[in-house]
Every structure is written in C-alpha cells, then in structure tokens.
Amino acid sequence: MFEKTTWIKLPRNVLVGHGVLDDLGEAVGELYLTGRPLIVTSPTPNDIAGDRVRAQFDDPATAVVEEASFEAVEKLTETAEAVDPGYLIALGGGKPIDIAKMAADHLGVGFVSVPTVASHDGIVSGRSSIPEGDTRHSVAADPPLAVVADTTLIADAPWRLTTAGCADIISNYTAVKDWRLARRLRNVEYSEYAGALSEMTAELLVENADMIRPGLEESAWVVVKALVSSGVAMSIAGSSRPASGAEHLISHQLDRSAPGRALHGHQVGVASIMTEYLHSGENGEWSAIRDALAALDAPTTAAELGLDDAELIAALTSAHEIRDRYTILQGGINEAAAIEVATATGVIDG
C-alpha cells in the first residue's frame, strides 16, 4: 500500500523587480495577516529602506539586529513578545532574514522576506544559517510567506555580495551530483523535481555569467530569480540537499578554521570547482564552473579567499567530519589527493 506523503511549504507571494519595495504593503495585505508588523533589520538596510517600509504600515515596530547568533534570536524573540506583533518583516541581508526566520518560527507567526542584497538563497528557503563559536548551524524553519525583492536596491548593493549569491547558486550544480550519488549508494530519498530545478538554476547562471554585471537591474533580476528558484527547490525537497553538498561541508570547515576570511557564497563557489573535479575528472565541468566564477569576478583560488594553501587543504581533508551527509567526500580524502585536486583545478599553485 502506498503511504508516502509530502508537505511543501512555499511563499505565497513573490514580487521581484524595479521599485517593488513600495508595493510591500499591498503584497502583505494579500496575505490577510492581522496585527502590527515587527520590522527586523540591521543598521545599513534600516538607513537605506527602513522609512519606506514603515510608511506602508500602521503602528509598525522595529528591531535592529547587530549580529547573527542564537543569542540574537533569543533577544529578538523577547522583543517580539513585548511588542506582540502579528507577523515579522525581515529587511536586509542574511543576518536579519535568518534571525527573523528563526524568531518567527519560535513565536508561531509568519514572516515576510525583503532582501536588499542577493548574497545567498536564504532569502527564500526554509533554512537559517546561524554561527555559534567556530561552528555554523543550518536550522530548519518555515520559509517566508512572501518575498519582495526590489532590484533597484539590490543592483546598488556591494558587488561582492551579488557575486557571492551567484557563486552560491552555481555550487548547486555539484550539490545535486552529491545528492544523486547518495541516492545510488545510500538510498537517500531524492526528488527528481527539486534536483532538476536546482541544477537548471545553476546551469542558467553558468551559461549567462558573462552577462551579469555590477549596477545593472537586469543582472539583479536574474540573480534574485535564481535565488528564489534555489529556495523553492529546497522547500520542495524538504531538505537543503538541492543546494548543499560537499562544497558546503568544505565551507563550513573553513568557517571553523578561518572564520570571517570570505563570504559563504565565495567559499562554496571555490569548493565546487574541486568537488566537480572529484565527480567528473580532469575533462569534466569543473573548468566551466571556474570560468563562470571568474567572469563574475568571484574568487576561484584559495588566495582570493584570503587563505593559504595549507588552510584550504586542511579544510578539504577534514570536511567530511562536519556532518553525517553522504557526499563525494564520504570517508575523507587524504592530503596527497587533496593537493592534487586543488592543484589540477588551479585553486592552489601547488
């Protein structure tokens, strides 16, 4: 007897484009949420867009977060309990969005994502990434009820944040390969739909990397839509698998050993060059990934991540210890093999 079930939670409204920040009130109104909103933001996005958001709501409250941490989630939850909001609005980058996502989950209320940068797919997904000491935790939470992404704001954001978002998406290519490998060798549940959507999104950015340029709303449009697709793929899968494989394990290890050196998206981008080499060999697609990252002005080497060769190799050889997730690195890779991979792909000079 067939007894399989799935529960896919997706945003109800996704609004992307020129000047759509001024349509936030209408987009939220269509959700029929009640009560006052609590706007969760950080200093820079609050200065840039906070007043425009507050002007669209009656009696909004605002909480400004300074860091991403479990303590920040707890503090925001306490603030929200005092304010008694009907819902949260997360305005900014990964920091306020991840914090608001977790706080909303604790409070049992919905939240709306209003990204001002396109640095990673957390703007849409049902996952929060929270650092704790030398470890970064990926925590499940409900995805936003709506996403309102104004390409005017995002095009004006620092270019390195946008290239990090692009690199994060491009790394989906190898994440899906790891997922398929886990299905074949460990019978891990696999979603053809989610896998295909994630892979198609990565391929779209690889093929159009030379058309994505700083300051262009058209480029911001492409990147944000790709981030939305990646987040939707994770929601369909009910897992981060469509966007997180061995390349993310390497990045998490770098977060432990070399915290703050590089952006998350840039780390997984460089890592995906090497994991693709492990999947398909010297004639595989790793060079296409590297060339796409280079076309975006994203890092392609350890040095460009602010790492020396030894730090990169140490992360590559120990990444499999991060979590019990079957990937191409299962069982680990020894130092000699890691040096060969990193050298062959140009990630280190050798």
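Placed from the backbone N, Cα and C atoms, the Cβ positions cover glycine too.
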Going by Swiss-Prot, His248, His264 bind Zn(2+); tell me which of Asp168, Asp309, Asp324 is listed for that site too.
Asp168
Looking at Swiss-Prot, which one out of Asp121, Asp210, Asp291, Asp297 binds substrate in the same site as Asp168, His252?
Asp121
Please report the Cα separation of His248 (Zn(2+) binding site) and Asp168 (substrate binding site) in Å, rounded to an integer.
9
Around Pro96 (NAD(+) binding site), how many other C-beta atoms are within 10 angstroms of its C-beta?
29
Within 10 Å of Gly94 (NAD(+) binding site), Cα to Cα, which of the binding-site residues Asp121, Asp168, His252 are there?
Asp121
Determine which residues of this chain, when Asp121, Asp168, His252 are set aside, have a Cβ within 8 Å of the centroid of the substrate site's Cβ atoms, and list them as they appear in the sequence.
His120, Gly122, Ser129, Ser171, Ala243, Ser244, His248, Ser251, His264, Gly265, Val268
Which binding-site residues are spatial neighbours of His264 (Zn(2+) binding site) here, meaning Cα within 10 Å, out of Pro96, Asp98, Val117, Asp121, Asp168, His252?
Asp168, His252
For His264 (Zn(2+) binding site), list the number of other Cβ atoms lying within 10 Å of its Cβ atom.
23
